[in-house]
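S.K.: Let me begin by handing over the structure; questions about it come next.
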Amino acid sequence: MTDVPAVRIRNFCIIAHIDHGKSTLADRLLQATGTVEDRKMKEQFLDNMDLERERGITIKLQAARMNYTAKDGQQYVLNLIDTPGHVDFSYEVSRSLVACEGALLVVDASQGVEAQTLANVYLALENNLEIIPVLNKIDLPGAEPERVIGEIEEIIGLDCSGAILASAKEGLGIDEILEAVVERIPPPPNTINERLRALIFDSYYDSYRGVIVYFRVMDGTVRKGDRIHLMASGKEFEIDELGVLSPTQKQVEELHAGEVGYLGAAIRAVADARVGDTITLSKAKAESPLPGYAEANPMVYCGMFPIDADQFEDLREALEKLELNDAALHYEPETSSAMGFGFRCGFLGLLHMEIVQERLEREYNLDLIITAPSVVYKVITLKGEELYIDNPSRLPSPNDRQRIEEPYVQVEMITPETYVGSLMELSQNRRGIFKDMKYLAQGRTTLTYELPLAEVVTDFFDQMKSRSRGYASMEYHLIGYRENPLVKLDIMINGDPVDSLAMIVHRDKAYNVGRAMAEKLKELIPRHQFKVPIQASIGSKVIASEHIPALRKDVLAKCYGGDISRKKKLLQKQAKGKKRMKSVGTVDVPQEAFMAVLRLDQS
């Protein structure tokens, strides 16, 4: 099965925006090459997770090996490495691009180029990939291939003279795509005689076989039974299973330079086989690891606490298992006076956070309280030390710090002209700095803003979608830290600060956010037997407060007429009881209150 020379191997991926038909195209390629029999075919064959099929997005990376007989009569091996299209998963895209020599750029012929497609195309160009433009969905009545070709040439600067018109749904243009892959994408370099180097681009945990590693052999040959050395973690293992993905796993004896496959080596901890690590042989180690991989750094943090304290260990186990499949998920234990024991988790972005939360609840049956997301701030202390703070409650006091810096991102939005004004207003309200605006063909515009990440992670995406009636798309990337007058806003309920509600805000916005927060909590916290004050404060200065009135029992109900002093005595007794209750009573804060921060109307 592996006797195809490197000259006849093609490694490629598909770059596309959500909903532009990437998974359907992958399905058609699998069918056309006979890799998957028609009777076993189901939609979105490579999207394994239920969540992926439901949301119609690709989250985890998949790979498939196809045998294809081209028009020149030669037998070729095509390795398709499927990539996610969402901005949060750009690290997954970057590692699949490193394993390829070419890419199919799939663009919806009725919608045109979207912002996230751009980001991935730039990544592909940086990795010197050969890009083949494919216009999908040409069977739709609204398809305008000429306009879209113009857009690709104008925005990306790609030559589209060889663009392929296709409809994955109808099966049009599939043969042309396969021929183009063979003719235009270069074969992998023939480095079979060099020392083994292979790139890990994905791994997942199998409860029977341990960690299964997906990899691309860059140099040399790997055989079943080899003892391998992982260059970043320094661990060594013996390969007991080696195979290719077509798309189900098929075992083979050896894989050569240019091939894509999987291995099992009784690896127990995912941390030992990190994505992006280089595999080499223990007895003949490569001199240097493969370049171009960076650790995925979380940009957004939040607290996760089990509603039932007994589930803490279950949550720990669930996170450990998820981390196995998700190189970018970070977590550490944390305690909160309001919520008890839980974890502080780091994510790549909001969609990533939602998906992890949904998987914990769905696959592991956990009931969770999630605190509002926050970003990583850089604090310069008086001694000149740099601290990175991902939890507002850990911020040093104003007397111990010189300044606070927050992460900024460059946001690119592509939108129909009609909504430009509304999106500019949204960006200005979120402390955005206008950078650029370009008019594209057919009444579409690109807007470029620099925004604090903290303003983007709450509900910027939802607001952008609602203001543009779903037509705008956005992409963002980190551009560094900048100093701003930021303050820590504490929320106190019944005189006690609630650490999970603390947040870092811009000084100019502090009053409005504090006011809105106090009002929202007043609505959400149920009434108690005693009066509950809610205060928003900066340091010791209270900037907004609300009161939840007490529930009162009518202690005078049994006094008909009679002496006023009797009534006073009963009222004083009640007041004394309330006072005592207030000092020892705890306030029950419902889960909705912790998510209220997300829904404050700031726009």
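Placed from the backbone N, Cα and C atoms, the Cβ positions cover glycine too.
Marked as GTP binding site by Swiss-Prot on the basis of sequence analysis: Asp19, His20, Gly21, Lys22, Ser23, Thr24, Asn136, Lys137, Ile138, Asp139. According to Swiss-Prot, the domain 'tr-type G' annotation covers 7-189.
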S.K.: When the number of other CB atoms within 10 A of each residue's CB is tallied over all shown chains, which of the binding-site residues Ser23, Asn136 has the maximum?
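M.R.: Of the binding-site residues Ser23, Asn136, the most buried by Cβ count within 10 Å is Asn136.
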S.K.: When DSSP is mapped onto helix/strand/coil, what comes out for Ile138 (GTP binding site)?
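M.R.: The residue in question, Ile138 (GTP binding site), is coil (DSSP, three-state).
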S.K.: How many other Cβ atoms sit within 10 Å of the Cβ of Ile138 (GTP binding site)?
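M.R.: The answer is 20 other Cβ atoms.
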S.K.: According to DSSP, does Ser23 (GTP binding site) sit in a helix, a strand, or coil?
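M.R.: Ser23 (GTP binding site) sits in a helix per DSSP.
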